Amino acid sequence: MALKLLTSLPMYNFSRVPVSSKDPILLVTSRTRNGYLARPVQCMVANKVSTSPDILRRSANYQPSIWNHDYIESLRIEYVGETCTRQINVLKEQVRMMLHKVVNPLEQLELIEILQRLGLSYHFEEEIKRILDGVYNNDHGGDTWKAENLYATALKFRLLRQHGYSVSQEVFNSFKDERGSFKACLCEDTKGMLSLYEASFFLIEGENILEEARDFSTKHLEEYVKQNKEKNLATLVNHSLEFPLHWRMPRLEARWFINIYRHNQDVNPILLEFAELDFNIVQAAHQADLKQVSTWWKSTGLVENLSFARDRPVENFFWTVGLIFQPQFGYCRRMFTKVFALITTIDDVYDVYGTLDELELFTDVVERWDINAMDQLPDYMKICFLTLHNSVNEMALDTMKEQRFHIIKYLKKAWVDLCRYYLVEAKWYSNKYRPSLQEYIENAWISIGAPTILVHAYFFVTNPITKEALDCLEEYPNIIRWSSIIARLADDLGTSTDELKRGDVPKAIQCYMNETGASEEGAREYIKYLISATWKKMNKDRAASSPFSHIFIEIALNLARMAQCLYQHGDGHGLGNRETKDRILSLLIQPIPLNKD
């Protein structure tokens, strides 16, 4: 049934729905001011939530945060200071020497792979580029891919594509028989099959060889797991079949792989010691960031005054570690957390609590970006808007100080777009309107909040800001679009059941079921297919010429990865679950025990 569904419907083009004041469903008073407020505005809230016995409001019954501010403040930050810095610098130099000494191309690639999976590659970007340049140029200078070594060929292909080099899928043709199928004897090479499987996820649209490689390797790796053979390799295979490396959150992957590597027969003790100490040092930087944003969140008063909304400061910060973990980007993580927290709160205003009349007023006030216009709002919306207004203006002020560039109009546009698209969904719900899947996705890739996050991301990590990038940013380039679609579809897979129970518009799964008569299981399979198809589009655009920096593009990819991670086992953001709690503990709270010998 699922296969018929996948082939019977055309692939959606995911064009952006136009926002026009002439569109009745998006009709909003268009009065804007690009005024800039450098100092925060204070708001005295008369009551905690404006209520009226005549207004029937929904409730999501969100539970309080399990991570309260006092607990975050009590965290003891270890692994800081001169001793740790001295130790890590010694280990870093030892590993740098390894990178310079290794000359065998396969050993070079394997060392890069280990460094990436241990979360250490960010220390050696120049060395890794030098090695990959050499591997790539030698290959084009007459050196051939080694047809007899599937593992080496696939590893080489994957690392080169990951780092932006152009490599043809045809390198895998030498592993096919005269009928054009992958050779049956390859099934005996499980290490090679796993390498082929991971490489296949870097495919773009139309690359049929890699499609075949994915299907072929998946089938035989699943058979290998069933036979329960060599334990360590089976663990790696199971892990990859759950999610390929290309789709995984890098920091969480590093934490998992450090444990695996510790028990590897070929473990390099220097690499292991470096990985464990570096993880703890980076975690200490994250804990310092977390304390700051927890203090900010408490100071907003949103938890007390908007009691219907999600109180998720740690989960919001967890998102940011998924986007950019390197210790030097602490400012980015702290600002990202504010953006995530504001999106979460405003989403609950539109989805859970606000009446349609109130939401139209709120959208109008955000469009104006004018504190004088907020008198028309109920009290709970006043504090919400003021927190948004002050926080975003402060971010813009930081950029003005740093780069002498006025960015408030770009940030404001991102929030206006978000609220407009929230309002569309609120009207759908109010009118009991059931959109088509196409119509839903055209709205929902904006309402997921990812474009708003990524617009802010550009300014947080870019210096200097360029006109070419800004012109592109205003139209939401494809790299933002594909990341946002994946985030939305992953969210829907994890949250749609709970959201429908509390009262919400149909999500992607229900839209597809309504259109086709498919079962929920069949619809879920189709949404997974759309995620996979969108990754192909993103793979193409990440390697294309772009006005954006590598770090920004990586953040866009990481947002998609983080969404798939957080919604893998249900609503890991709003409702929380055991998996999310365990991941937060391992990534942000509990350091890796070190061998003191």
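Backbone N, Cα and C define each Cβ position, glycine as well.
Quantities reported herein were computed from a predicted structural model and do not represent experimental measurements.
Listed in Swiss-Prot:
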type    : residues                     : note
BINDING : R310, D347, D351, R488, D491 : (2E)-geranyl diphosphate binding site
BINDING : D491, T495, E499             : Mg(2+) 3 binding site
MOTIF   : 347-351                      : motif 'DDXXD motif'
TRANSIT : 1-56                         : transit peptide
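Around D491 ((2E)-geranyl diphosphate binding site), a 10 Å sphere centred on its CB holds 24 further CB atoms from the protein chains shown.
The separation of T495 (Mg(2+) 3 binding site) from D351 ((2E)-geranyl diphosphate binding site), Cα to Cα, is 13 Å. Sorting the binding-site residues R310, R488 by the number of other Cβ atoms within 10 Å puts R488 first. Cβ packing within 10 Å was compared across the binding-site residues D347, D351, and the lowest neighbour count falls to D347. Here the motif 'DDXXD motif' (347-351) has, by DSSP, the following mix of helix, strand and coil residues: 5 helix, 0 strand, 0 coil. Take R310, D347, D351, R488, D491, the residues named in the record as contacts for (2E)-geranyl diphosphate: the widest Cα to Cα gap among them comes to 18 Å. Every protein chain considered, the tally of other Cβ atoms within 10 Å of the Cβ of T495 (Mg(2+) 3 binding site) stands at 20. D347 ((2E)-geranyl diphosphate binding site) sits 14 Å from T495 (Mg(2+) 3 binding site), taking the CA atoms of both as reference points. Here T495 (Mg(2+) 3 binding site) is positioned 14 angstrom away from R310 ((2E)-geranyl diphosphate binding site), judged by their C-alpha atoms. Looking at T495 (Mg(2+) 3 binding site) and R488 ((2E)-geranyl diphosphate binding site), their Cα atoms lie 10 Å from each other.
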